[in-house]
């Protein structure tokens, strides 16, 4: 069985490049700061589709720059470990890190989903209680109606029926307070997107560890660009969806919220499979 880098260089890029694009798409679907911040920002400023695309591309640009720095740094450092006796150990260590990352992502997603389900159940209970109370007091009907209507002014996509983790809710609420109804310039939109994309991600670590094993700059660069392309597709789509009201999609298709909630599970499984693949090759190389 050939080495991991040799398999890629001899024509297996057709599998790993689409996988990198898929990884980027799934990373963009994960509950995280960049996606939620952009959606909340576009909704708060009542942004256009053009502004949403601009914001998504800016976030992708900065996110890609971070991945490039990490990947190039890893490829530079890997030159010190060219001996065949050392490479299998690097693959095995990389596999352990990747599998740990995948397990952490899976656990974080499960915990966030449980918190959302508990909070949504509590919200439904309170809503039903208020309805019974208003029914018994005709005099307070107008006051209660106005109060309830005001209390349900939320950013689209941040309602009780849409899944978000704790960090997403906090950032969306903060952005809604700061930018609600304000007029912003294109420069401010670009700056917001660039800073929002600087947050590190577990998927970038996976791309880094794969590139370390490639020992081929062209294919390694292609992998990073493929990941960035997938991320750009998701971030731009999210921004445009916020601009044209993603709630309409949720109303027309009941499975929309479920898909957004379950996407991180697929992402963590994909990362885990990459870790298993690298681990098998590392273990095989050590035993030879």
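Including glycine, each Cβ sits where the backbone N, Cα and C put it.
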Q: For the region 'Disordered' entry in Swiss-Prot, name the matching range from 79-122, 123-166, 167-210.
A: 123-166
Q: Consult Swiss-Prot and decide if residue 49 and residue 222 are found on one and the same side of the membrane.
A: no
